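Engineer: Feature list, courtesy of Swiss-Prot:
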ACT_SITE  LYS147  active site, proton donor
BINDING   ASP171, GLU196, ASP219  Mg(2+) binding site
ACT_SITE  LYS243  active site, proton acceptor
Amino acid sequence: MKLTALHFYKYSEPFKSQIVTPKVTLTHRDCLFIELIDDKGNAYFGECNAFQTDWYDHETIASVKHVIEQWFEDNRNKSFETYEAALKLVDSLENTPAARATIVMALYQMFHVLPSFSVAYGATASGLSNKQLESLKATKPTRIKLKWTPQIMHQIRVLRELDFHFQLVIDANESLDRQDFTQLQLLAREQVLYIEEPFKDISMLDEVADGTIPPIALDEKATSLLDIINLIELYNVKVVVLKPFRLGGIDKVQTAIDTLKSHGAKVVIGGMYEYGLSRYFTAMLARKGDYPGDVTPAGYYFEQDVVAHSGILKEGRLEFRPPLVDITQLQPY
């Protein structure tokens, strides 16, 4: 098998409700897709999770495109016959995990039969608009992740009025400081499953007495398996959010899941406001998580998607089928 051609595509859809995070407000999701063609004419797609700007991570759509262009020129027409051999082709991309993850998503499909399956539904609420509340009422997720705002306690009270049981998670995106210690201590009374990344400087955890704030989860700092193990051994970290784009791809996450469980850590698979192709693989990995991952039903964030019926809500779970990318919706890039 050889790779003979590479095509780039752009796709953008408005969010049904703008995404309000501690770092940025998003109105649209711009996304890069790649299409790898093999010597038999088969096409395999990868969806990049990087954003247009570096608000979340230093890798952006433009930087990933540049890296993949160069990678393809270095590997065009090289022969490989196994998944393991294909992964050797991306050894040079260890320092650009978002680019590596995009390629690995396509390579994985060359050597694996993609299954149909179902997973628990884990919603993310950002800003808690009336439209989001109505969506939560209608879909009844197993887990709700609430993005931190100064109104966090009020928003939790609003969520507690919903007429179904759910696990509550808070995501702070490294935005808190010492002045937020009191709020964090109040959260400990709210049966919060865990809080993702409260502090930019993780050493601030040394200033907090054990048990006085919710359990801490790594997310932004979960950049490599070695770094993760070091942090869970140094600090009282119980949960790790694993994201393929941050670790370097599906294979890296699969290895990390097994290793971290052997260290006694709980694992969650994180999403990236994805379209249907990437959402399928996030859901596939989330089957091995200890808590519901960031997996939402088709139509939760966007009216349109390049993969139809990616995550159909049925009896409280999301059903996934092998994804088929509608290339007619993609714009050459």
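Yeah, the Cβs are placed from backbone N, Cα and C, and that goes for glycine too.
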Engineer: If you measure ASP171 (Mg(2+) binding site) to LYS243 (active site, proton acceptor) at Cα, how many Å is it?
Structural biologist: 15
Engineer: Around the recorded Mg(2+) site, report the further residues of that chain (criterion: Cβ within 8 Å of the mean position of the Cβ atoms of ASP171, GLU196, ASP219; site residues excluded), sequence-ordered.
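Structural biologist: The surrounding set, listed in chain order, is LYS145, VAL169, ILE170, ALA172, ASN173, ILE195, GLU197, ALA217, GLU220, VAL241, GLY270.
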Engineer: Give the three-state DSSP assignment (helix, strand or coil) for ASP219 (Mg(2+) binding site).
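Structural biologist: Note: ASP219 (Mg(2+) binding site) is coil by DSSP, not helix or strand.
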Engineer: Can you check what DSSP calls LYS147 (active site, proton donor), collapsed to helix, strand or coil?
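Structural biologist: Note: LYS147 (active site, proton donor) is in a strand by DSSP.
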Engineer: What does the structure give for the C-alpha distance between ASP219 (Mg(2+) binding site) and the residue listed as 'active site, proton acceptor'? Integer Å is fine.
Structural biologist: 8
Engineer: Could you measure between GLU196 (Mg(2+) binding site) and the residue listed as 'active site, proton donor' for me? Cα positions, answer in whole angstrom.
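Structural biologist: Spelling it out, the Cα of GLU196 (Mg(2+) binding site) and the Cα of the residue listed as 'active site, proton donor' are 9 Å apart.
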Engineer: Looking at the binding-site residues ASP171, GLU196, ASP219, which one has the fewest other Cβ atoms within 10 Å of its own Cβ?
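Structural biologist: Counting other Cβ atoms within 10 Å of each of the binding-site residues ASP171, GLU196, ASP219, the minimum falls on ASP219.
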Engineer: In the structure shown, which of the active-site residues LYS147, LYS243 has the fewest other Cβ atoms within 10 Å?
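Structural biologist: Selected from the active-site residues LYS147, LYS243 on minimum Cβ neighbours within 10 Å: LYS147.
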